[in-house]
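Q: Submitted below is the structure of interest, expressed as structure tokens.
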Amino acid sequence: MMLRGNLKQVRIEKNPARLRALESAVGESEPAAAAAMALALAGEPAPPAPAPPEDHPDEEMGFTIDIKSFLKPGEKTYTQRCRLFVGNLPTDITEEDFKRLFERYGEPSEVFINRDRGFGFIRLESRTLAEIAKAELDGTILKSRPLRIRFATHGAALTVKNLSPVVSNELLEQAFSQFGPVEKAVVVVDDRGRATGKGFVEFAAKPPARKALERCGDGAFLLTTTPRPVIVEPMEQFDDEDGLPEKLMQKTQQYHKEREQPPRFAQPGTFEFEYASRWKALDEMEKQQREQVDRNIREAKEKLEAEMEAARHEHQLMLMRQDLMRRQEELRRLEELRNQELQKRKQIQLRHEEEHRRREEEMIRHREQEELRRQQEGFKPNYMENREQEMRMGDMGPRGAINMGDAFSPAPAGNQGPPPMMGMNMNNRATIPGPPMGPGPAMGPEGAANMGTPMMPDNGAVHNDRFPQGPPSQMGSPMGSRTGSETPQAPMSGVGPVSGGPGGFGRGSQGGNFEGPNKRRRY
């Protein structure tokens, strides 16, 4: 039964010779090997198979294979590794004939023919298909000329040396992808799987490979943290698969001369043995010198790595010091900015305080001026009344100065003498009654004890806390609560009722006990 899709129908031809050739060329998995053998068997023209009857179109003529089965997991298609060189082509071959020669191995992507020199190139889909086509078509007679098929030289491959042990295939491919598309990147390892420090990179075209070679040669391309640059060189191409078969040897005179004797061991003491020994000694010397050179190079590399580690440590310390100095400089600059900001704030605060103090002083000065103005307006008439009161108190009796300082006391007579200081009679401070000791009226023993302090409200009126307003009392009334040691004096002649405000001593009878508001309380 025929399968559809990416499948092709092939003819089956059992040829033991081609079967052995295919088994030696293809060492892949069992399904791939079986499919490869089936493709190889279809190389030579086979006897025409009987055509199936027309009434049975589904009868099988062979078996079908899937081209995708020849792709390895992750393998890219149509790479440089799938490119074949075909030599010894007829000069009259056409491109259609050349394609028809490889049509059984998939659709090619590149076909080039140089008819003058008799060679061409073709690129197949996978490496496995290219190996099958090479194994099948190499040596095939085409127009009486045997074809010579080899894998084409990879002109976009580079050798990478001085790799770090931590570099992998993926890292190598990622590093060189910046120059162009990479088809394959491999780090070479030994039989134990340890990295040898070498690898190769295959680009899809020559321009990216040339660019990578120039850039890495002019500069230092680092793959890891270690400052260890990679060394990039063009890859040396070797054919280690086919080698040099006998059929390709040129039969020259030197060839026939060297082939006169078969392979053998030289016998000791002979001419052959002597020079063979000298050749071996030269090879041994070359080996020793190479080992010495390798040893010197290895020691130099170790020394360089040690110096590099020390220099890296010193460099890190220098970077840390520079970073510390930079941070200190930044902190100092921030501190300066902070100090400047604080200074500005302090100046602003001082200006505010100065302005506030100036405003307070202005308010205090304004308040003082206002108080002074009020005093000048309110105390001027009261001062005249106090003067009149003091002048009137000069003609009063011994107890006349009791109510001095009262703003509502009657003013003294105009014919009296000068008033005593602050309205007090300094000559009447004795507790024993007697004649007055000097000019001026006599003052009672308690005259100065009951002096009030005039109080002036905002309206200019004078009030006395100790002499509240009340009914008028008599000026010379005797005080019944006085002690017996005091002898009340007679009221002064010629002194009538005292005129004044309602808060002065009362008018009227002088007899009886004095019950005025200035009477001392007894506790």
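Think of each number as a place in line: the chain as shown, counted from 1.
Cβ coordinates come from backbone N, Cα and C, glycine included.
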Q: For which of S109, S499, S509 does Swiss-Prot record the feature phosphoserine?
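A: With Swiss-Prot as the source, phosphoserine is noted for S509.
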Q: Where does the phosphoserine label fall among S473, S485, going by Swiss-Prot?
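A: Among S473, S485, the residue Swiss-Prot annotates as phosphoserine is S473.
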Q: If you check Swiss-Prot, which of R357, R507 turns up marked as omega-N-methylarginine?
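A: Of R357, R507, Swiss-Prot lists R507 as: omega-N-methylarginine.
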Q: Of S164, S409, which one does Swiss-Prot label phosphoserine?
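A: Cross-referencing S164, S409 with Swiss-Prot, phosphoserine lands on S409.
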Q: Averaged over the whole of the coiled coil (283-377), what is the pLDDT?
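A: Result for the coiled coil (283-377): average pLDDT 92.
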